[in-house]
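Listed in Swiss-Prot for this protein:
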BINDING   C108, H110, C126, H129  [2Fe-2S] cluster binding site
DISULFID  C113-C128  disulfide bond
DOMAIN    70-162  domain 'Rieske'
TRANSMEM  21-43  transmembrane segment
Amino acid sequence: MTQLSGSSDVPDLGRRQFLNLLWVGTAAGTALGGLYPVIKYFIPPSSGGAGGGVIAKDALGNDIIVSDYLQTHTAGDRSLAQGLKGDPTYVVVEGDNTISSYGINAICTHLGCVVPWNTAENKFMCPCHGSQYDETGKVVRGPAPLSLALVHAEVTEDDKISFTDWTETDFRTDEAPWWA
């Protein structure tokens, strides 16, 4: 084979070298293509809101659409959604049929049970050891030592609920939040 360059110190690319490079490139492309789904599996899906929050999800894992949600939930209703860090979080419907500006983390501060909302008694009652919380999640009867944690709940532009961390003063106790 003749060289295309005028310099004798530039080796030419032989047919064998070209086929070897082609084979290595094909093998590398196939390997990378096979690794793509494996790598994608380990990266969590982005479900965040604009401000670093988490979009609330229902029991089936679907995003909660506020307009649909308010058609099936009335004022004073509290229902569970998947919130920050995957914790069950109550979405609160206000008296004027809007979503409250806060959500209530449903994890009991005593031993970590999920605390259900008792509509008949208008309070949260822990089934594990009897702790009770008022409608805002403030502890009213032990053995739980602290009130339920709060999160900010905001309706996004695309009509979904975004939960973000609550770092301000706890409006129920006028103290710094213990969970922040």
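Cβ from N, Cα, C; glycine included.
A map of Swiss-Prot features onto the structure.
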residue: C108; record: [2Fe-2S] cluster binding site; Cβ within 10 Å: 22
residue: H110; record: [2Fe-2S] cluster binding site; Cβ within 10 Å: 18
residue: C113; record: disulfide bond; Cβ within 10 Å: 16
residue: C126; record: [2Fe-2S] cluster binding site; Cβ within 10 Å: 25
residue: C128; record: disulfide bond; Cβ within 10 Å: 14
residue: H129; record: [2Fe-2S] cluster binding site; Cβ within 10 Å: 12
Quiz prompt | Pairwise CA distance, C128 (disulfide bond) versus H110 ([2Fe-2S] cluster binding site), rounded so that it is a whole Å | solution = 9
Practice problem: Enumerate the residues of the same chain, C108, H110, C126, H129 excluded, that satisfy the criterion Cβ within 8 A of the mean position of the Cβ atoms of the recorded [2Fe-2S] cluster site; list them in sequence order. | Solution: T109, L111, C113, V115, C128, G130, S131, P143, A144
